[in-house]
């Protein structure tokens with residue numbers, strides 16, 4: 001039984017899908033005007049884990065994450081670079097796939113784009129106007145916020161409280177300061193589309209509502225995104241979607257916490273803005289992912305090199321213990337009476353599932369993984385090992401790896417199994433037999449230069465990535 005924290009109700013709830021065995025999930029994606037920063041990477045990783053765990057529990061997950069390819073930031077970037085908005089969007093969509101692919105984020109079921117849904121957006125807005133929920137004014141179209149009775153229910157703010165901070169900017173023609181834009185009148189030199197309201201382009205909030213409706217229907221199971229999107233973006237999505245669809249927009253709302261850099265808010269003005277495109281050249285993407293899930297998704301996370309190094313060390317411990325188990329598999333036998341280890345492994349797996357069932361607590365799931373590694377390290381020191389126990393260890397390691405999306409071997413691990421490396425190890429073994437220790441040391445140093453560390457053990461030579 002999976003429970004998750006629902007921002008809408010401010011409490012944990014048992015997950016009950018609309019359709020048995022299926023999860024319809026919409027995650028707000030990036031505005032594709034630049035490479036993604038690590039703040040964008042966090043929801044991509046966290047909700048990828050949520051998806052993976054649902055799939056592990058037997059659900060079919062329809063995972064939709066959009067690209068915002070029409071936006072003020074894109075238009076500004078196109079003017080700066082003297083390139084078209086579609087050209088810039090294509091470049092950074094490709095970069096996004098490359099970056100999150102490096103972080104082992106699975107491809108979405110669908111990645112809808114605003115430009116591909118322009119006719120749908122225009123019709124959606126027209127429907128809202130026809131029903132009295134929206135109005136045209138000065139070439140713009142606004143949503144009539146006070147007409148929607150549930151406005152403020154996600155952010156838990158009354159409409160009167162919201163009114164206090166609202167204002168009408170110069171050039172806006174709103175009936176009420178709380179009303180928000182559905183359609184923006186075209187400005188000279190900006191990309192625009194023809195519509196019944198005149199030339200223009202959609203507002204940000206309406207884009208997600210329409211893409212979610214088109215891809216997943218009037219009501220979805222889970223809508224997710226960063227905490228910064230809770231208001232006004234997700235609040236406005238609810239208002240326009242439920243006014244249009246006459247149905248709840250999403251049954252569960254999930255929001256991940258912020259990322260700070262050395263205990264400061266990440267911002268360009270502070271010079272601590274970290275792009276994934278840059279950081280994965282310095283930090284192993286697997287380590288970055290492991291670091292991101294080492295904290296519960298709803299909690300803020302502090303990024304600094306010391307904490308990343310701690311994550312690297314922790315992941316290395318897990319991988320080294322798995323390598324030891326793989327090596328012992330070569331000499332394991334079918335001995336019996338090792339039920340104690342089987343029971344302990346099962347207990348760790350049960351604990352992993354328990355904490356993941358409790359609002360996807362990856363921090364505690366990693367603790368369970370450490371405990372599995374500790375038990376594995378103890379087991380390989382036994383005089384005799386059982387094939388059954390070894391296989392059980394390997395199976396549970398693989399479950400943890402698949403659910404958390406962290407590979408059991410580094411992306412360079414295949415190099416350790418390369419035919420040339422194996423031949424060098426064999427040659428070194430032969431040199432030692434022949435007492436040619438100079439050659440044996442030479443081969444050892446050669447492999448070390450490739451980050452391959454050899455260790456002589458009673459069970460033979462084993463190697464690991466340094």
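Keep in mind that glycine also has a Cβ here, set from the backbone N, Cα and C atoms.
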For the annotation motif ''HIGH' region' in Swiss-Prot, which listed range does it cover: 19-29, 30-40, 41-51?
30-40
Could you check which of 250-254, 255-259, 260-264, 265-269 is flagged in Swiss-Prot as motif ''KMSKS' region'?
265-269
Other residues with Cβ within 8 Å of the Cβ centroid of 28, 208, 233, 237 at the Zn(2+) site?
204, 205, 207, 209, 223, 225, 229, 234, 236
Could you state the CA-to-CA distance between residue 237 (Zn(2+) binding site) and residue 268 (ATP binding site) to the nearest Å?
28
Return the residues near residue 28 (Zn(2+) binding site) by Cβ distance under 8 Å, restricted to its own chain and a separation of at least 6 in sequence.
43, 65, 66, 208, 224, 225, 226, 229, 233, 234
May I have the DSSP-based helix, strand and coil counts for the residues of the motif ''KMSKS' region' (265-269)?
0 helix, 1 strand, 4 coil
Let me know the DSSP-derived helix, strand or coil state of residue 237 (Zn(2+) binding site), please.
helix
Binding-site residues (233, 268), the one with most neighbouring Cβ atoms at 10 Å:
233
